[in-house]
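Q: Supplied in structure tokens, the structure appears directly below.
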Amino acid sequence: MRAAGPWRAASPAPCTRYLARCKPGFRPSSSFVVDLLVDSGDPGLEDVALTECLSPPSLSCSNSTLSLLSPLGHQSFPFGADDSEGEDEEALDEDARESESKVESLEGIEFQQRSSCEVESQDKQEKLVLLQHGSLTPWEMWFVGKEKEERGRLQQKFLEELNQQIEKRKEMEEREKRKIIAEVKHKEWVQKKNKQERKEREQKINKEMEEKEAKKREKEHLQEKAKEKYQEWLKKKKAEEYEKKKKEKEKEKQRQAELQEKKEIAEKKFKEWLENAKNKPRPAAKSYGYSSGKLTGFYSGNSYPEPTFYNPIPWKPIHMPPPKEAKSGPGKKSKRHAASQPLPSSSLAVHNAKSSLCLGALCRGQR
């Protein structure tokens with residue numbers, strides 16, 4: 001059994017085509033009923049069409065649905081010799097209607113809102129027609145009711161599937177919309193981020209340039225300050241050098257004056273001594289020498305004069321008490337022992353002094 005689309009618009013051409021065949025005494029065949037069911041797009045219209053075909057000719061042929069009687073077109077219902085009429089035509093119409101139903105099923109919700117009022121009024125008309133013309137048998141009425149229930153179930157199932165498809169389509173559209181919004185926001189964020197990074201880089205470069213300029217200015221300031229300090233130090237150093245040289249010159253001048261004064265005093269003293277030396281008596285001859293193998297005395301200005309006094313008591317060394325035995329190590333004992341050795345005798349020292357005097361006198365004589 002093939003069911004037509006639930007929200008299919010009622011086309012007046014097929015309805016008039018089939019209703020034109022509804023004449024007095026016409027018995028609809030199964031194929032005729034199926035075609036009429038397929039062409040009709042609404043259950044209310046099917047009932048009206050069925051009643052119009054089964055009613056006397058005086059009734060008007062309005063748009064109705066015969067889809068509820070589609071099982072009557074089965075082979076088990078022998079309606080007469082008109083079953084083979086228009087089968088080829090029905091096959092072609094079925095293919096066209098199937099392709100149209102696929103396209104028109106997507107527009108069901110919009111058509112539902114527009115045709116809801118019309119369907120209700122047509123249902124009322126169908127009920128009135130069926131009540132006025134009870135041309136169906138009880139079994140047919142029961143079968144029509146069952147088919148109506150089945151059609152309602154199929155319509156509900158189709159509506160649910162259609163709603164699911166619409167929901168899926170809405171979800172896909174919403175997902176695409178969110179995706180587009182996310183892409184736009186991401187692009188805006190990337191642009192904002194790039195702009196911010198570019199701004200930060202520019203600020204960083206400007207800051208580095210400002211720091212370089214500040215360091216350069218500070219360096220130049222320090223160089224100028226150091227130059228000024230150096231000039232001040234150099235000026236001060238030159239002043240100190242000038243003062244130092246001036247003091248050295250004054251000292252040198254003073255030293256030269258002192259030397260000149262000393263020289264003059266020395267020359268004066270020498271002249272005085274020279275004048276006094278002419279009148280000074282000479283000392284007695286106290287030098288001795290050998291002449292022809294004999295010791296004789298003579299005067300020599302290079303010899304030392306004879307001492308006028310000498311100590312008749314010979315020199316004696318100072319008495320040193322013997323050292324006490326120390327309790328310390330042997331190194332300290334040896335030191336004390338070395339320190340306690342007696343000094344050389346005074347006679348030897350006197351002899352050495354005399355010999356040195358004699359040697360000095362001889363050296364002067366040789367000169």
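Every residue, even glycine, has its Cβ placed from backbone N, Cα and C.
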Q: Among 150-189, 230-269, 310-349, indicate the range for which Swiss-Prot gives the feature region 'Disordered'.
A: 310-349
Q: Let me know the model's mean pLDDT on the coiled coil (87-108).
A: 54
